[in-house]
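Below is one structure, written out as structure tokens, with a few remarks after it.
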Amino acid sequence: MNRKRIYPAWFLLPAMSVFLVFFIIPMAVSFFFSMTVWDFSGFTFCGLDNFALFFSERSLSHSVVNTMIYAIGTSGLKVILAFFIAVFLTSGIRTKNLIRSIVFFPNLVSTVAVGMAFKALMHPTKGLFNQIIAFFGGHGPDWLGNVDMALYSVILTDVWKGVSVATVIYIAGIVSIDKNYYEAAAIDGANGWQKLKNITIPLCRPAMNSVIILSFIGGLRSFDLIWSMTGGGPGFASDVLASVVYKQYAAGFYGLSTAGNVIMLILIGLLAFPLQKFLLSKEVE
Amino acid sequence: MKRKKMMGMLLTAAMVTGSMASAFTCMAADEKPYDGVNLSIMIENGTDESSYQPILDLIKEKMGITVEVEFKPAGSEGTNLIKTRLLSGNMTDLMIYNVGSLLSALNPQDYFIDMAGTDLAATFDDSFTQAASFEGGLYAVPAGSASGGGVMYNMDIYEKYGLEVPKTWDEFIANLDVIKEAGEVTPLIGTFADAWTAQVPFLADNYQVMHNDPAFAEGFTSGEKKFATSEAAFRSWEKLEATQPYYNEDYMATTYDMGCDMLANGEGAHYIMTCGILQNIYTLYGEDVVNRIGVFPVPGDTEEETGLTVWTSGGLYGNKNSENVDAVKAVMEFWTSDEALDVLVENSRPSGPFHNGYKLPDTVFKGVKDQMVYFEAGKTAPALEFLTPVKGANCDAICTELVTGQTTAEEAAKAYDEDCLKMAVQLGLDWK
């Protein structure tokens, strides 16, 4: 009886030990160090001071709000835009293979390169965007220099770059829908909108859920694009959790930076798990 | 004459002091004491080559040491790299890096050669010695010259509008208003795309702070004085706030290099920076242009309060865990010798006086001559980061917030105090 139970457990050992050494132990250690002020030569225990500081200082706590705006903004836009692009690209248009490649192209470029390119495009006086607006007689905004706009400008760039992956997932989902449904609907006299609403959307739900989860978590921990475009600025206006953690580390506040990482872990966990559960419960069999 | 005297002094000193003696006497005998030794040095990316390469060439020629240059990124990324390499025991033999508050964050006693008590150390002035010291040890020798920080102004624009060099803050604002109303050029150049430049107007006001509250730096280190509550220190934030209306429209997207262009081309009238910028403009535009750039300090509220805030030279550090510690020490000594400085000033114009009393040549830029008036009158004070180990890591972001109108001077001063608290906690200072 006992032997039967233990026997398969041995097979778990290699995977478990890797998991323990590389994931569980570092996590426990970082929980500990988030409650200390440490540098490379030692540490002093300080309880929850780091967490208290993180939430009391405006420049730090503000980043939690920005992270949520960023995650919801990028994820929402990607979910909607990518769906319509995918529907368009699975329809009977001729050049769809070419267009599919073009849509995927931004994703092949390094994020930092995208950030630098868009930073140049969004330059308030010399950038292409504002020159085009000026050509038509308008006065373009200061995309990255305006305090109220900077974060949203980065969100738009992130969507431009990230919409392709979402599109590919959607395409896979839509293509796998059985054609019989559409034929049956056509026989019943359904128009295009009805097919979309009653067949495509419900049946590509699993794909949509993957897109939501992936882009939402991606948004929560986004760093590279924000860093290369605004560096968190102007001031702290577009700082998110990941950039704040990086800044604290660079400044030598290792304890505070570890605490920021723990907060990020907890936040992602608290949001992602219930979200996934909720979405899965909505999937049609 | 002075050079001979100095050399003589050094030689006498060197004879008495064991290990160093060998380096100097050998050099005097024109041998190459370290022939074939290879060293490495870490220098910030973008440093003007003329400020170090001539000395390295001379070291190769005189001492036989080949020094290989490695570059590090600027700002906090560079600091990160240095900390990582120090900790992993993988550091270069030599390094040029800031002295002052950034030094104290490195645990220098574990990594760098302590120069305290040597005869060489005695030749440096107090401002450098204080800035390069940490808990009794002296960990660097000056890598270049000091540099004043203040308002660089385009003299052609001043002539055109008939402006006088302002002696008080109100006169400065009045000048800015004249240029703003004329509407032709930018009154004050802002280059906030390079975030570090955002804090210079604030930091360069330190003479005023130290003049009105001489105990501020000390009180700040011990946690008794704050920016929000000290009248003199708070005034710096108010001044920064007052500059708000005068920047170029695209100041959030303008970089330091573009700022140099704007000042040199006469697209902008003022740029608050350190005098190192003059060398940059000289390299890009030549002698005639750079000598049309004048310098005055960030003015105080009265003429009395107007003096120059000085940035101490960067330090040349020696890795004490290097395989060739003697060669490293010899390079550090040679670097500040008159022989090396002669070559240095031939190739790169100094942006201020040297820390060991080396006499500046007459060829220095107009702007440097402007600021020498304040050095000669004794109206200078080091920037705050050289007087206290505490410097907020987010100083530039807090300044940017203020200038972009997200905060008021009161809020910015409070935010900066909070930011400094984090540094104090990390340094183990007892602030509450």
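Note: Cβ is positioned from N, Cα and C throughout, glycine not excepted.
Listed in TrEMBL:
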- A:64-275: domain 'ABC transmembrane type-1' (DOMAIN)
- A:12-33: transmembrane segment (TRANSMEM)
- A:68-90: transmembrane segment (TRANSMEM)
- A:102-122: transmembrane segment (TRANSMEM)
- A:149-172: transmembrane segment (TRANSMEM)
- A:249-273: transmembrane segment (TRANSMEM)
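With Cβ pairs under 8 Å as the measure, the transmembrane segment (A:12-33) is packed most heavily against A:249-273, out of A:68-90, A:102-122, A:149-172, A:249-273. Long-range Cβ contacts of the transmembrane segment (A:149-172) within its own chain (Cβ-Cβ under 8 Å, at least 6 residues beyond either end) map to 66, 69-70, 73-74, 77-79, 81-83, 85-87, 89-90, 100, 103-107, 109, 111, 114-115, 118, 122, 141-143, 204, 207-208, 210-211, 214-215, 218-219, 222, 225-226, 229-230, 233-234, 237-238. A Cβ distance under 8 Å defines the sequence-distant neighbours of the transmembrane segment (A:68-90), meaning residues of its chain 6+ beyond its ends; these are 96, 99-100, 103, 151-152, 154-156, 158-159, 162-164, 166-167, 169-171, 173-175, 196, 200, 208, 211-212, 215-220, 222, 226, 240.
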